[in-house]
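Engineer: Here's the feature list from Swiss-Prot:
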type    : residues                                                               : note
REGION  : 1-397                                                                  : region 'Carboxyphosphate synthetic domain'
BINDING : R127, R167, G173, G174, E206, V208, E213, G239, I240, H241, Q282, E294 : ATP 1 binding site
DOMAIN  : 131-323                                                                : domain 'ATP-grasp 1'
BINDING : E294, N296                                                             : Mg(2+) 2 binding site
REGION  : 398-530                                                                : region 'Oligomerization domain'
REGION  : 531-919                                                                : region 'Carbamoyl phosphate synthetic domain'
REGION  : 920-1053                                                               : region 'Allosteric domain'
Amino acid sequence: MPKRTDIKKVLLIGSGPIQIGQAAEFDFSGSQACRSLKEEGIEVVLVNSNPATIMTDPDMADQIYIEPLRANIIAKIIEKERPDGILSGMGGQTGLNLTAELAEMGALKGVEILGTPLEAIYKGEDREKFRDLMNEIGEPVPKSIVLNTLSQIDDAIAKIGLPAVVRPAYTLGGAGGGIGRTREELTRIVELGLSRSRIHQVLIEESVMGWKELEFEVMRDSTDTCIIVCSMENVDPMGIHTGESVVVAPILTLRDDEFQMMRSAAIHIIRALDVQGGCNIQFAFKDGDYRVIEVNPRVSRSSALASKATGYPIARVAAKIAIGLRLDEIKNSVTGCTAASFEPTIDYIVVKVPRWPFDKFKGADRTLTTSMKSTGEVMAIGRTLEESFMKAKRSIDTDVRTHTSPSEIRMILSRPTDERFHCLFDAFRQGFTLDEIAGLTSIVPFFLEKIKNIVDLEKRLAAGCTDEDIFLAKRYGFANTEIAALTGRGADTIEALVGAPAYKMVDTCAAEFPASTPYFYSTREGTSEIVRDKKQKILILGSGPIRIGQGIEFDYCTVHAVKALREEGVEVHIVNNNPETVSTDFDTSDRLFFEPMLLEDVTNILMTDEYYGVMVQFGGQNAVNLAVPLEKELKRRGMCTRILGTSPDAMDIAEDRDRFSVLLTTLQIPSPANSSAYSEAEAREKAERIGYPVLVRPSYVLGGRAMEIVHNTAELETYMKEAVRVSQHHPVLIDSYLRNAIELDVDAVCDGKEVLIGGIMEHIEQAGIHSGDSACVIPTQSLSPEVIATVREYTKKIALGLGVVGLVNIQMAVKDNVVYILEANPRASRTVPFVSKATGLPIAKIAAKVMIGKKLCDLGFHEAKIRHVAVKEVLLPFNKLAGVDTILGPEMKSTGEVMGIDYDFGLAFYKACISADNELPLKGNVFVSVNIGQKDEVIPIARRLRDLGLTLYGTEGTVDYLHEAGVEAHLVRKVQEGSPNVLDMMHHGEIRLIINTPQDRQSRQDHYQIMRAAVDFQIPYITTLQAARAAALAIDAIKREKITLEPLSHYLR
């Protein structure tokens, strides 16, 4: 049937901030859906709270609302915009939950739910309804019982037994779920699961741990035509969330009759659900038998992987199906000549490996279960499974420990952590047999054989190998440097022997039809499919897997750079290995390389064609770290390709503390007393000279990794043992810590002669909390015109002094009206998307044009003057990571960001808090606990909260000095003083907000239980007095006036 004529305007709900379980894949799918709908002449209204997304760009939708994703707010937008339909399946779990809530509150009268019908949401997400549907259609499910209260636990154990799996309804990434092996463990998981579930429901399910886990991505249209887009198989068995698993596509270990049985079951289920669009179905499989585990009646993380693995644009097709088009009416935009009803065929093997945040969270529980903990993932493509495994291993940018202790290896293999995939290789190196490893892990022997092949070849290479072994190593995906290290030969010698790789095309049809959107991977089989031409080309280095410190913001910058260069007629190629992102969409760039982001791989790509230049400054710290070695490698090979924009030497000046200090001295710009040290003794001497407390950090890292404020020599010595390991080739940087200073971030573009300031952001938290974790505001709220003028002057001096061409981010601190420079980063920063959305200045696009020679004076942009207030707030991952210190400090911990925008600071901050799942209460009890050094500062905040009608509670010391100041507060016992205490009040829902500001390590330990409980019971919490002051302003504002609901374009006009 042709597209529906009654659907003229569609509301699309985004997924909100990046978080564990819901990352960039929904920006990728949402952006694709927006473009797909607009191609059909549909007016698109988009709601999302995340400014760091491509989908919230002005050209992606007709009306864009950057607002909290709350049903009551979206209901008002629906009332205002009056859409004909709502597309919920592109916004992940958030989108489905909101659609269900909107329907239940009656806000969707006259608005049709497109693609995924409401009943399919209920049957897919409500565990009891899903189980009943599967039983009704004769599809086997694990034995299970639905719980709504803790009192049903014993009944569940009697019927299901232990261990048992807990699956909460309507949650994301398995949040609140897990595997209970004892009654106590099961009770704890169920209590958490019930609190996290939208409908207060969990399913207790018999364990099928150790079975194979299989996934099918299915597409269905309104005429009941179904296709399997991709089949996927988890290397890790059941018991580990698929988002935490190493995944292989296509399925390799089923016989054809078994595969056809599973294919038929997947199609049977999507038909029963009546989903029109995409659907992800997960199965457990063992010895010819299977169980249906769950269904995602929406685009998911697995959908993004399936889309990138096959080249099939799932979200684009699903959006068109939602407005009535049939699969055979939709053109496959990759081939340009086949219909979307053709099932994709692939002649290569794809491997996905997750990226975990444990390099940031040393104390976190690293055990992998049915609840997600990873922040991102990499994807690798090869012609053999060995090759894909090795390319994926090289793509994960984590320091991997080698395990040699047999007992330690057994423990990791049997109780899996994030180290298990790498530990499989260690086990074979230490002489474990295949049967032993299979017994410990329940991993299919087929996968273990491939890993054993790799390790056996490593041993041959190290023992004195033949040239044939080296050729085999290349077919297995070894890098030249890895072969050189094993054989003792030089990397150049290896390269001369093996030559260059071939580049093959991903085309959805195993080369049966020509592809019109080139998308390549390297391999050692056959001839290259790249056709060289004379066009001017630029390669942009992407940002790799999403991790804390390097998130979706850098992909945003990459995509903007591509758009800018294409506007100037330049052919743009991207190299990246992240399957979740817009930059790796099939039509973002002129040519896409899905490859590891390492020097050898990037150099190989540059040798495939005549490249004019490479851009490194949009891909975050990893790409910037490649600048100097890549420049050297290009010169060594005599290649004409240049590093475009700011020179690698200027980047080095900014990173090298001594060189940067010389520059600041020359420019007569103050900075905190600072130095650098290469040893513990030198660090001790320099810190004592500067004076404690000092801020210490390694150089050349992103996200404040291993950064800490240390107060004495003992803390410094403890720190140095970690920091020196993190930064083996660069010094540790030591800065005087400015207490109670206001921190600023400035994003600017420089063309070498002029500087355009994109935005000056004032941090709401004090200096010393990582800028990536601090809420910030545009325009500044507390700085004098004289200070702002100094900030502008210093920004211009530093940008020109460094010789910046492109973007620069400068961090400053203001104390006693003196502006100090903390650091400068001549590259894209994580605040670029926020600045662009808040001001309307597309600074990443401007920077890309400047990098190819355009002048700011010719581009016609000026610093924005805005009437509104925009607040960036962060989302913290503590609800997904047990054992993590919840106190903010100089090391970054947040996974994503949101934006609040209004005409008043208090209202904008209130919106930002709602969006960050930290909704401030307008009534109820507030628990306040601050250290004695902050008692004078907390009194006016406490007084304002009391005057606003909130009731204050605190422990003895805090209550005493509040009473002395005439502020009424109620005493509550400390945890160690027995019950009833603050934890009891939290458990019973009697506390609505926590203000808790520990300063030293001892008070951190004392307050850890309170903050952990706040996370578990979803009570908003504040850990700095600056944020508490802003919260009081926000509560005051929201009590006085209503929030504004306007499209972004109205604020920026």
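Even glycines carry a Cβ here, placed using N, Cα and C.
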Engineer: Looking at the binding-site residues E206, E213, Q282, whose Cα is closest in space to that of N296 (Mg(2+) 2 binding site)?
Structural biologist: Q282
Engineer: Of E206, E213, E294, which of the binding-site residues has the most Cβ neighbours inside 10 Å?
Structural biologist: E213
Engineer: Count the other Cβ atoms sitting within 10 Å of the Cβ of R127 (ATP 1 binding site), across every protein chain shown.
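Structural biologist: Result for R127 (ATP 1 binding site): 24 neighbouring Cβ atoms inside 10 Å.
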Engineer: Write down the Cα-Cα distance for E294 (Mg(2+) 2 binding site) and I240 (ATP 1 binding site), rounded and given in Å.
Structural biologist: 14
Engineer: Given the binding-site residues I240, Q282, N296, which one has the fewest other C-beta atoms within 10 angstroms of its C-beta?
Structural biologist: Q282
Engineer: To the nearest whole angstrom, what is the C-alpha distance linking E213 (ATP 1 binding site) and E294 (Mg(2+) 2 binding site)?
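Structural biologist: Spelling it out, the Cα of E213 (ATP 1 binding site) and the Cα of E294 (Mg(2+) 2 binding site) are 11 Å apart.
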Engineer: How big is the Cα-to-Cα gap, in Å, between E206 (ATP 1 binding site) and E294 (Mg(2+) 2 binding site)?
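Structural biologist: So the Cα of E294 (Mg(2+) 2 binding site) lies 14 Å away from that of E206 (ATP 1 binding site).
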Engineer: What three-state secondary structure does DSSP assign to I240 (ATP 1 binding site)?
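Structural biologist: In three-state terms, I240 (ATP 1 binding site) counts as coil.
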Engineer: For a three-state summary based on DSSP, what are the helix, strand and coil counts in the region 'Oligomerization domain' (398-530)?
Structural biologist: 70 helix, 11 strand, 52 coil
Engineer: Averaged across the region 'Carbamoyl phosphate synthetic domain' (531-919), what pLDDT does the model get? Just tell me the whole number, please.
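Structural biologist: That stretch averages a pLDDT of 90.
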Engineer: Give me the CA-CA distance between R127 (ATP 1 binding site) and E294 (Mg(2+) 2 binding site), in Å, as a whole number.
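Structural biologist: About 9 Å separates the two Cα atoms.
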Engineer: Tell me the Cα distance separating E294 (Mg(2+) 2 binding site) from Q282 (ATP 1 binding site), rounded to the nearest angstrom.
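Structural biologist: One finds 5 Å between the Cα atoms of these residues.
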Engineer: Counting each residue once, how many in the region 'Allosteric domain' (920-1053) are helix, strand and coil under DSSP?
Structural biologist: 71 helix, 23 strand, 40 coil
